[in-house]
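Under the heading active site, proton acceptor, TrEMBL lists Glu468. Annotated FAD binding site per TrEMBL: Thr189, Gly228, in sequence order. TrEMBL lists 185-293 with the feature domain 'Acyl-CoA oxidase/dehydrogenase middle'. Feature annotation from TrEMBL assigns domain 'Acyl-CoA oxidase C-alpha1' to 332-482. Taken from TrEMBL, the feature domain 'Acyl-CoA oxidase C-terminal' applies to 528-659.
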Amino acid sequence: MSDNRALRRAHVLANHILQSTPPSSNLSLTREVCLQYSPPELNESYGFDVKEMRKLLDGHNVVDRDWIYGLMMQSNLFNRKERGGKIFVSPDYNQTMEQQREITMKRIWYLLENGVFKGWLTETGPEAELRKLALLEVCGIYDHSVSIKVGVHFFLWGNAVKFFGTKRHHEKWLKNTEDYLVKGCFAMTELGHGSNVRGIETVTTYDPTTEEFVINTPCESAQKYWIGGAANHATHTIVFSQLHINGTNQGVHAFIAQIRDQDGNICPNIRIADCGHKIGLNGVDNGRIWFDNLRIPRENLLNAVADVSSDGKYVSSIKDPDQRFGAFMAPLTSGRVTIASSAIYSAKVGLAIAIRYSLSRRAFSVTANGPEVLLLDYPSHQRRLLPLLAKTYAMSFAANELKMIYVKRTPETNKAIHVVSSGFKAVLTWHNMHTLQECREAVGGQGVKTENLVGQLKGEFDVQTTFEGDNNVLMQQVSKALFAEYVSCKKRNKPFKGLGLEHMNSPRPVLPTQLTSSTLRCSQFQTNVFCLRERDLLERFTSEVAQLQGRGESREFSFLLSHQLAEDLGKAFTEKAILQTILDAEAKIPAGSVKDVLGLVRSMYALISLEEDPSLLRYGYLSQDNVGDVRREVSKLCGELRPHALALVTSFGIPDAFLSPIAFNWVEANAWSSV
């Protein structure tokens with residue numbers, strides 16, 4: 001070692017020990033060689049009008065959405081914090097369960113005081129309902145606990161009073177519920193029964209001497225379980241119970257019961273326990289309820305469908321028990337509608353974060369001493385995120401269509417709403433969980449950090465796949481409804497009408513044997529292959545059930561044995577319905593850049609759905625060569641969507657503050673100065 005090098009080394013060590021700045025040298029590290037954050041907006045361009053695209057995606061009440069975004073951003077209740085030079089609002093998930101519950105309720109009070117819930121139960125009509133749905137969706141973008149607490153109070157408790165009850169209930173409960181003078185919950189699920197509502201074990205009898213109903217939890221499996229709001233805050237609940245009149249079980253009915261007084265004390269003949277800490281939604285106070293011969297007034301039976309006279313006679317205009325049960329369940333569709341929509345907004349948050357990060361984070365170089373490559377410039381990274389982005393777009397249009405048919409519902413459309421909402425709820429919530437997992441992995445270790453949201457959202461939204469109906473059960477309900485429609489039309493020799501089955505009145509579509517790029521992107525080809533799949537699976541399903549019945553099996557047991565075809569059919573029906581919603585949206589747009597990009601997105605949705613479904617090859621709709629053509633076209637579409645990635649996530653319209661630090665200056669957000 002030369003004397004000069006030894007001297008310099010000693011000088012550097014001395015300066016290090018003395019914590020002084022070493023002399024400048026061309027050997028020292030400088031900021032220029034360190035990674036610097038570069039906003040993607042500097043290099044990415046918008047090839048279409050993102051504001052117009054946002055209007056299409058949100059579908060309704062854009063101004064109302066922006067208003068409530070602003071309300072949240074201006075209040076410290078929503079945990080404003082600065083990271084990397086930007087302000088973010090998101091829950092503090094490091095708080096204890098008790099603290100999260102307390103702050104969730106404070107946020108609801110704040111929204112109440114600022115008029116967010118005005119008219120949610122007292123105003124009627126499609127416009128009022130769409131506004132309510134839009135505001136609830138934004139609540140869920142901020143925090144799923146807030147939207148669930150609000151949803152239980154208004155959409156479960158409130159809607160039960162509104163739709164199961166009559167004038168006497170509306171006058172007594174609706175305005176007080178809207179003003180939170182009454183805090184409601186919804187006691188349907190039991191320890192021993194969830195999806196099988198008919199099997200619940202809570203029992204209610206009638207005492208004509210006092211004109212009271214007596215509600216009882218006869219065994220431990222009958223305890224009400226997972227009841228949101230029950231553990232801490234709810235004052236009243238809707239109780240679903242078997243109604244026994246003069247020794248006859250009249251089936252499941254709904255009652256209003258008070259469980260706490262206005263001071264928060266638990267009422268006599270009620271026992272409540274906490275469900276405890278959960279993998280997410282710890283701002284919701286889920287509880288368990290036991291009823292010990294609780295007496296309630298006769299007027300507390302929600303009597304829109306059936307009633308009990310003062311002397312104990314059971315009265316209902318619907319004589320058939322199955323139809324009566326269906327009438328009770330029909331108003332609960334709103335839960336599946338809101339879940340499906342909120343799942344897509346959750347996926348949007350995850351994708352906006354992951355894609356923005358991938359447009360500024362680099363890794364490895366493809367040439368010696370060359371610059372590192374942006375994550376989203378790797379074809380493999382495009383393959384991970386861009387098909388999910390296209391699916392999220394398509395499902396946004398599906399969720400909007402579901403909301404529209406729900407708010408314009410009539411007794412004649414209830415069946416279609418039930419079937420479509422069941423399919424959409426299942427497919428959209430499964431998509432959300434898949435998307436969040438892929439986004440978590442796509443941002444690497446940063447996805448594990450709670451403040452970066454994508455990992456945390458998995459735990460927050462996982463419950464959606466099972467509440468308001470287990471997804472697998474819902475898909476079987478879809479298939480059973482299609483089965484019933486098919487059998488009915490064939491038996492009466494009538495054309496198919498409704499549930500999107502009209503295509504079965506036309507000849508079976510014939511697919512080309514050679515699939516070119518233009519063919520694969522053709523909307524008619526995409527429609528044909530989706531219709532062919534649904535048609536063939538429906539015919540196979542009905543044939544298999546008929547064969548099993550021919551061997552002496554009951555219809556229900558035949559359905560159980562045919563569950564694989566039922567699941568394939570439910571998926572085929574739902575994916576075809578989703579495709580139709582984006583085709584309908586695309587058809588309404590004038591020629592231009594928005595329409596062009598939406599065409600790419602639609603083709604990506606259609607082709608990735610085909611690529612991921614093994615039934616296409618299993619049942620011979622496509623050949624092995626065709627499947628290879630689809631796979632290659634998906635990769636080509638990834639490359640064509642790549643330049644639009646930033647614009648597509650910007651079109652979600654989610655303010656920067658509702659995303660996370662890694663979506664922006666992740667270097668500054670993690671700098672020593674931020675510690």
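Counting starts with 1 at the first residue shown.
Using the three backbone atoms N, Cα and C, a Cβ is placed for every residue, glycine included.
No curator has checked TrEMBL annotations; they are predicted automatically.
Per-residue pLDDT, averaged along the domain 'Acyl-CoA oxidase C-terminal' (528-659), amounts to 96 for this model. Sequence-distant neighbours of Glu468 (active site, proton acceptor): residues of the same chain at least 6 apart with a C-beta under 8 Å from its C-beta are Leu332, Gly335, Arg336, Ile339, Lys425. Taken through DSSP, the domain 'Acyl-CoA oxidase/dehydrogenase middle' (185-293) splits into 6 helix, 53 strand, 50 coil. Residue environment of Thr189 (FAD binding site) contains 19 other Cβ atoms, counted within 10 Å of its Cβ in all protein chains.
Non-local neighbourhood of Gly228 (FAD binding site): Ile148, Lys149, Val152, Leu156, Cys185, Phe186, Val284, Asp285, Asn286, each in the same chain, at least six residues away, with C-beta under 8 Å from its C-beta.
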